[in-house]
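If you check TrEMBL, you get these features:
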- 11-418: domain 'Enolpyruvate transferase' (DOMAIN)
- LYS22, SER23, ARG27, SER164, GLN166, ASP311, LYS338: 3-phosphoshikimate binding site (BINDING)
- LYS22, GLY93, ARG121, GLN166, ARG342, ARG385: phosphoenolpyruvate binding site (BINDING)
- ASP311: active site, proton acceptor (ACT_SITE)
Amino acid sequence: MNQTISYCQHGLKGVVTIPADKSISHRAVMFASLIKGTTLIKGFSKAQDPLSTVEVCKNLGVEIEHVNENDITVTSSGNLRQHSNYLNCGNSGTTMRLMSGILASQNFNSRLIGDESLSGRPMKRIIEPLTKMGAVIYSTENYPPLYIYGRDLCGINYHSSLASAQVKSCILLAGLNAEGKTTFTEPALSRNHTELLLSYLNADIKIDGLSVTVRPSKMESKTIEIPGDISSAAFFIAAALIVPHSDVTIKNVGLNPTRTGILEIIKRMGGVVEILDKRLVCGEPVGDLRVKYCELKGTVIEGDMIPKLIDEIPIIAVMATQAEGTTIVRNAQDLRYKESDRISAITSILKKLGADIEETSDGFIVNGKTKLTGGVEIDSLEDHRLAMSAYIAGYLCQNSILVRDFDCVDISFPEFEQYVNYLHM
Ligand code: S3P
């Protein structure tokens, strides 16, 4: 499906409630699959990626049912069962990488596949540490499909050169079922939903700065409630800040400090995001955000900040085109290995729309503020975050744009179009 977007004259206005966090949804269903009994998950994501995890867990013998539109139950014997066919992870790197950690220690073998995009994403980052734990995984040059031969694992003390929550979670999940203790140390703090949810479910886990240690343990069944996804909210936060006359309230936004890099950057850019009614949901901070149009200025985004906003960099690039002065993103080389090479893709999309942006090896440089001309067709590369970033940029283009393969937004945010239409009324 292609999508046409036209200049937004009167701004975005209204109140929306953000759907469930994708990262936490994956973890909730995976962890519940390892717990004996029935776990209620409230506010489960309807996005395709977490649904890939649901399908994989179902194929491993877990019963997963909807109790109403938003809530699911996960019923498990506490043990997974071999699946005779491929386990399809679809487009989801989180499904493949985290499930590999779980499957490596089972007493059966598994085969994991993904779609074309996932088949081109590097798995060495998990194969290497899992192999050190005694796992046996075959692949072609460390790309999917992965053939995992279940083995008894032993704990490791692993220092990762990447700040990646997917790698960290994979190793911690393997460690939960390995002999001895497993310690994972990362160079900068990546999202810590695995740690928070494992603690909430009473797994044996200890956090010491950038190191996390787990020991073999059984988790306890407890109701899990999932807050809204700040990575989905980011599109409305950015749109409200840069589309003149906007005033938007975004409810139920997860505000875990390992995910709120975008809010810190907006503050530095001179933007104002008001946080209302801050509360805790299953150990995760949540709040409502009110955002209005305002003048922004350029900034530098680098170092430890990158993991805290890794998925928001495409929409931050769009914001930077409307900020006065120069915005530089560096140390974000891992963005080249996401659903697409997001450094090169967002640079070429915004250039095509009329922005002044240059790609660098590990980021980009944007000079603003620019009037976007538009009047062109944009290839989303079937990458959901690129499609939504292009959509928001389209609101500022003097001439309508067309975004190809827009339905890929279903990967993380199937409600996106309904929400923007509502705010644009
Ligand atoms: C995710 C971690 C991030 C992020 C991805 C989801 C997760 O990836 O980009 O969308 O749920 O753990 P990396 O950990 O590879 O940076």
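Any Cβ shown, glycine's included, is placed from N, Cα and C.
A map of TrEMBL features onto the structure.
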| residue | record | Cβ neighbours (10 Å) |
| --- | --- | --- |
| LYS22 | 3-phosphoshikimate binding site | 25 |
| ARG27 | 3-phosphoshikimate binding site | 26 |
| GLY93 | phosphoenolpyruvate binding site | 22 |
| ARG121 | phosphoenolpyruvate binding site | 18 |
| SER164 | 3-phosphoshikimate binding site | 22 |
| GLN166 | 3-phosphoshikimate binding site | 23 |
| ASP311 | 3-phosphoshikimate binding site | 25 |
| LYS338 | 3-phosphoshikimate binding site | 20 |
| ARG342 | phosphoenolpyruvate binding site | 26 |
| ARG385 | phosphoenolpyruvate binding site | 28 |
Self-check item: Annotated binding-site residues LYS22, ARG27, ARG121, SER164, ARG342, ARG385, filtered by Cβ under 6 Å to ligand 1
Solution: SER164
Quiz item: Which of the three DSSP states, helix, strand or coil, fits ARG27 (3-phosphoshikimate binding site)?
Solution: helix
Quiz item: Roughly how many Å separate the Cα of LYS338 (3-phosphoshikimate binding site) from that of GLY93 (phosphoenolpyruvate binding site), to the nearest whole number?
Solution: 8
Practice problem: Under 8 Å Cβ to Cβ from SER23 (3-phosphoshikimate binding site), same chain, six or more residues apart: give me those in sequence order, or none if nothing qualifies. | Solution: THR94, ALA165, ARG191, HIS193, ASP229
Quiz prompt | Between GLY93 (phosphoenolpyruvate binding site) and LYS22 (3-phosphoshikimate binding site): CA-CA distance (Å) | solution = 12
Quiz item: Averaged over the domain 'Enolpyruvate transferase' (11-418), what pLDDT does the prediction give?
Solution: 97
Exercise. Would you kindly give the Cα-Cα distance separating ARG385 (phosphoenolpyruvate binding site) and SER164 (3-phosphoshikimate binding site), rounded to the nearest Å?
Key: 18
Quiz item: Widest Cα span across the phosphoenolpyruvate binders LYS22, GLY93, ARG121, GLN166, ARG342, ARG385, in Å?
Solution: 19
Self-check item: Inter-residue C-alpha distance, ARG385 (phosphoenolpyruvate binding site) and ASP311 (3-phosphoshikimate binding site) (nearest angstrom)
Solution: 8
